[in-house]
Every structure is written in structure tokens, then in C-alpha cells.
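Below is one structure; the comments refer to it alone.
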Amino acid sequence: MEIPGSLCKKVKLSNNAQNWGMQRATNVTYQAHHVSRNKRGQVVGTRGGFRGCTVWLTGLSGAGKTTVSMALEEYLVCHGIPCYTLDGDNIRQGLNKNLGFSPEDREENVRRIAEVAKLFADAGLVCITSFISPYTQDRNNARQIHEGASLPFFEVFVDAPLHVCEQRDVKGLYKKARAGEIKGFTGIDSEYEKPEAPELVLKTDSCDVNDCVQQVVELLQERDIVPVDASYEVKELYVPENKLHLAKTDAEALPALKINKVDMQWVQVLAEGWATPLNGFMREREYLQCLHFDCLLDGGVINLSVPIVLTATHEDKERLDGCTAFALVYEGRRVAILRNPEFFEHRKEERCARQWGTTCKNHPYIKMVLEQGDWLIGGDLQVLDRIYWNDGLDQYRLTPTELKQKFKDMNADAVFAFQLRNPVHNGHALLMQDTHKQLLERGYRRPVLLLHPLGGWTKDDDVPLMWRMKQHAAVLEEGILDPETTVVAIFPSPMMYAGPTEVQWHCRARMVAGANFYIVGRDPAGMPHPETGKDLYEPTHGAKVLTMAPGLITLEIVPFRVAAYNKKKKRMDYYDSEHHEDFEFISGTRMRKLAREGQKPPEGFMAPKAWTVLVEYYKSLEKA
């Protein structure tokens, strides 16, 4: 390639190189790639398919371009869509740092950005640009650069009135422009030419960031850039209101299969959308993907590590095989319809070995599996009515959709989830408080805690849900956790005690409900081996597995630091091995013993009112 002639001094570049005395290269030939876009699309991102395009955000300073672009980038990456944001301020610190704000420099600024965006799009990325780009001709040129390369280009006008932009004025630029300290400032003494026919207009003065992002995502879905299933919208399986009467009439006439309480809990999990994108109990293909890969693979890599299955006896199979649909009956009531059922063999030993890593018959959930029928039934589930347990706790059983709305109503910009099946002590609280503090330090303004106890089946020696909820309420009442930034809700899933395999399920379910961060601690979903008494799973593996698990890309894992009772400080504190003698590890066994005997724990271990609830629970056992 010919090197341009030397220049006597450094000059700013405009679109017309001749004006600056530059010699153009005349022996440049475009080199065609050996790799096609389709081939490149197969290896870029986690979903496959070429998605290269440019989303060109334009608008006044302060309109919200950077805010929307960064949020859109985060959303797409979290949903397996490769993308990158080119921000105006960032580009002017590097590639375009030799350009000013004259009309000529603005033109060259946009030209360079358009060329770079084209390369990103050609590489298979969704390239998001965030620039004022005030002139129609420059934006049209950017579009032509993409169209000349047969790449989609979407102009998005980020529209906010000038007075709103001035009120925001994060950088103080409007104030300086009004004072005459900045000349040629767009919107003040330099014109902004509004787009005449953009693909999308975002009214950022009336729509929040999430709404704006969803509008752009919908545009990309309409243009086949982003797959519809990439949005992970909650898939509820309740029959729509306008079809409910017909479905109930149908259910009464169908053959029936009786289900037990744990089955009913799984029906609730499916109905409320926790297992999105499942349409019902797993069919054989989904079951095999789950059992062997801990993921669903049709439509992208979606983490789903535990089989959600319905079992049947040989007699049930003989009676129902060949039916196009049958009703599920719980305690004499027809609660759902399973359509297009598929029967396949329930290989119990293989399932247990893969799901739990053991086939120990004394493991409480494995014991249930071994007692179940020899057949599994997959199918499309239609649930007739919302599921209530009438135990005084239904108000806490918020669905993923309801939780998302609640977080929105609270103006949460980050949601961190804490899953638990035990009472909360001050060590747990320390971790939650510290996570909240870290999120504030990272720039989040309104982090919200989802305190999300497991509400399905648990083994006999676990504290029952009703008592745990009383204990959690006492923790909030005493101010150990802030009620203003905490949502307490119940997760309806049964507990399987499957360690690192199950903790992926716990995590991804909270992801569906809108959590961005998930706190994981020592031995999550674990228990002592029923025969040896040792940990069934290595205590640190759950956290390690979560940080590596495929398909958990919309949230960040927050590993526990080990908390113990600091005898000197008389409070729960992060364990320091250099001062081991200052710390005491209070086991669950010792905690239960103290509560059972009505004794008080060490000062600062648990909120007093919360401890009183535990004492009352163990007293109730003695009376029983």
C-alpha cells in the first residue's frame, strides 16, 4: 500500500482530503473475506446466526442516548446477542481526538464512526452508536455506508425536549453554552436537524430506560435481528380468561391423572413461568438435554439443570397412552390439562446418578423418586386457575411477572436475590448489607434485595415455611434488613438437595424474575450424606459451578465470603484466618440446640425478636 506523502505539520482531517494537501492512495484494492457472514454468525454469540447491524442513536446532549445505549448493550449481551456500543465521548478520546466541533469536523466524526460501525456489523455484532450527529446529510451518509455493504441500519431518534435536556445537564454543558463559554453547542447556537423518517422514536421524557430498551428490542425482533425467544419473557401457562370456561368444561370430560402435593408444586412452578420457556412437563428431548447438559438447547443455550417431570405408573400409562389430553386432579379438583402427552421410560437409577451424583436410597428426594412410577409424561400444560394454598402466606407468593412489576414500581436499577431455606442470622444479613453497599459503590442508585425463601417441599428436620416467614418478618421489624429496599416473597419450588446441580435452577429462576445479581454461599442446596454424615457435596463447588454455568448470562454471581461470630466484636463478621482465635463458628446443630433449650445465642448472632420466633417453634414441637 502506498504511504501518503509527508505533511509539514499535523492537521485535522475533513471529508475532503484534498483541502488539507493530502495525497490519496490510488493502489488500494478491497480484499474479500474468506469467511462468509453466515459462517461467522455460527460462532459469534451463544445463539448462532448472523445478526450484524447498526442501531444509530441520535439526539440532543442529555436526551438519554448514552443511558439507553449502555442499557441496550447490557440487555442484548445478557440475552446471548453479541453487541458493542460506540459512545461519542469515548470515541473522541481515541479515534477522533483530533477533531473539534466545526461542521467539517462533525461530518468527519460521523463518517469515521459510520465506517467503524460498518466493520463491527460486518463482524456479526449489533453495533450501537450514541452520537448527537445533528445533521441529516451526515446521518444519511452513515446509512448509505451500511446499505452499500448490505448491512441493516436503524436510525433511532432519542427525543427529549430541549428544556428537559437542560434540566438534566449532567455535564453542565448547557449552562456553559448559555453563558457563552461554549460556542457552537447543539440546541443552543447550533442547529439540530431532527430525523424525518427514523425507524424508531424514543420519548425519553415520558418513558423509562427499560421501556426504551424494550422498544428497540422489539424493533430488532421485527427485523429478524434478535430472535423472539431471546427476550426470556415470562411464559405463564394459565388458561386465558376468555378461554377459561371452555377449558374447565373440557377438563371435566377428560380422563384424569391424580397428582400429589409435590407434583402440584411443580405445576405452580410451571404455571407461573419460573421454568420459562417450558410449555409444560418436560418431553423426552427436553429431559435428555436437561439430564446430560443441564441446559435446554433448542433456541439457544438456556440453563435448566433439574428435570421438571410428571410420573405415572404402568397402569396409568396403559389407561392414558393414546389420549390427546387428560386432566390433572389434586385433592379431588381438576387443576390443569396436559395436552399432547408423551410417555417415556423413567430410568430412576440413571436419573438419580446424574441429578444427585448418588443413588443413596436414604436421600429424602431420591427416596421419593424411587417410589414414583416407572413412566414419565411430557406435554403441554394448561393450568385452569391460579394456585393458592390458603395457609396465610399466599400474599407472599408473587409470580415472576408480579416481582418484575414490583421492582419497577420501586424504581430498582439492580435486584440482588438471596435464596434460603433456613432462618436468617446476622451473618446472612452481613452479606446482604455488604452486597447492597457494593452495588451503590458501583453506581447503582436503587438496589433492591429479593429475600426469597424456598416455599415448596423440604425435608422433615428443616424449619417449616410458616415459622421461617415469621422469623424473616422479625428480622425486618428489627431493622437488620431495610424494609424500604427489601422484597420478601416465596419461591414455590420443592427442595431437591441436589447441590451444585440444583443451585443452577435456583439461580436461573431468580433470573427469570428479574434479578441481576445472585448471592451464593457455602454448600448451596446441600446436605449431609444420609449414611456418612459428611457433606454430600464439596461446600465451595456450588459457587464455583455458578460462575461457570452456561446460560446464566443475565445476572452476576456474588459469592459469599465466610461469615462467623467475632467474639471480640460480639457480632457476625467476615472470617479472618490470621485472627482465628477471635472467631467462633456456630453450626446449625448448635443453633437448634440452643433454641430447643430456650437459651439465648451469643450477643449479635441473630436479632432478638427473630430468635424468639425460633424458640417458639421448637417449643411447639415439644407440645406436639
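Heads up, the Cβ atoms here are built off N, Cα and C, so glycines get one too.
Taken from Swiss-Prot as is:
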- Gly62, Ala63, Gly64, Lys65, Thr66, Thr67, Cys207, Cys212: ATP 1 binding site (BINDING)
- Asp89, Asn90, Ile91, Arg92, Phe101, Arg106, Glu107, Glu108, Asn109, Ile132, Ser133, Lys171, Gly184, Phe185: adenosine 5'-phosphosulfate binding site (BINDING)
- Gln419, Leu420, Arg421, Asn422, Gly521, Arg522, Asp523, Pro524, Ala525, Ala563: ATP 2 binding site (BINDING)
- Met1: N-acetylmethionine (MOD_RES)
- Lys12: N6-acetyllysine (MOD_RES)
- 1-225: region 'Adenylyl-sulfate kinase' (REGION)
- 234-624: region 'Sulfate adenylyltransferase' (REGION)
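Among the residues Asp89, Asn90, Ile91, Arg92, Phe101, Arg106, Glu107, Glu108, Asn109, Ile132, Ser133, Lys171, Gly184, Phe185 said to bind adenosine 5'-phosphosulfate, no two Cα atoms are farther apart than 24 Å. For the pair Ala525 (ATP 2 binding site) and Gly64 (ATP 1 binding site), the Cα-Cα distance reads 42 Å.
Across the fold, the C-alpha of Glu107 (adenosine 5'-phosphosulfate binding site) and the C-alpha of Lys65 (ATP 1 binding site) stand 19 Å from each other. The ATP 2 site in the record is lined by Gln419, Leu420, Arg421, Asn422, Gly521, Arg522, Asp523, Pro524, Ala525, Ala563, and its two most distant CA atoms lie 18 Å apart. Cβ neighbour count within 10 Å across all protein chains ranks Cys212 highest among the binding-site residues Cys207, Cys212. Asp89 (adenosine 5'-phosphosulfate binding site) and Gln419 (ATP 2 binding site) have their C-alpha atoms 40 Å apart, to the nearest angstrom. The C-beta environment of Ile91 (adenosine 5'-phosphosulfate binding site), restricted to residues of the same chain at least 6 apart in sequence and closer than 8 Å, consists of Asn109, Arg112, Ile113, Phe131.
Ranked by how many other Cβ atoms sit within 10 Å of their Cβ, the binding-site residues Gly62, Gly64, Gly184, Gly521 place Gly184 at the bottom. If you draw a 10 Å sphere around the CB of Thr66 (ATP 1 binding site), it holds 20 other CB atoms from the protein chains shown. The binding-site residues considered are Lys65, Arg421; of these, Arg421 has the fewest other C-beta atoms within 10 angstroms of its C-beta. Here the binding-site residues are Asp89, Glu107, and the one ringed by the most other CB atoms within 10 angstroms is Glu107. A count of other CB atoms within 10 A of each Cβ picks out Ala63 as the most crowded of the binding-site residues Ala63, Thr67, Phe101, Asn109, Gln419. The ATP 1 site is defined by Gly62, Ala63, Gly64, Lys65, Thr66, Thr67, Cys207, Cys212, and by the 8 Å test on Cβ atoms against their centroid, the other residues of the chain that qualify are Leu57, Gly59, Val68, Val158, Ala160, Leu202, Thr204, Val209. Other C-beta atoms found within 10 angstroms of the C-beta of Asp523 (ATP 2 binding site) number 19, with every protein chain shown included. The binding-site residues examined here are Ser133, Ala525; by Cβ neighbour count within 10 Å, the least packed of them is Ala525.
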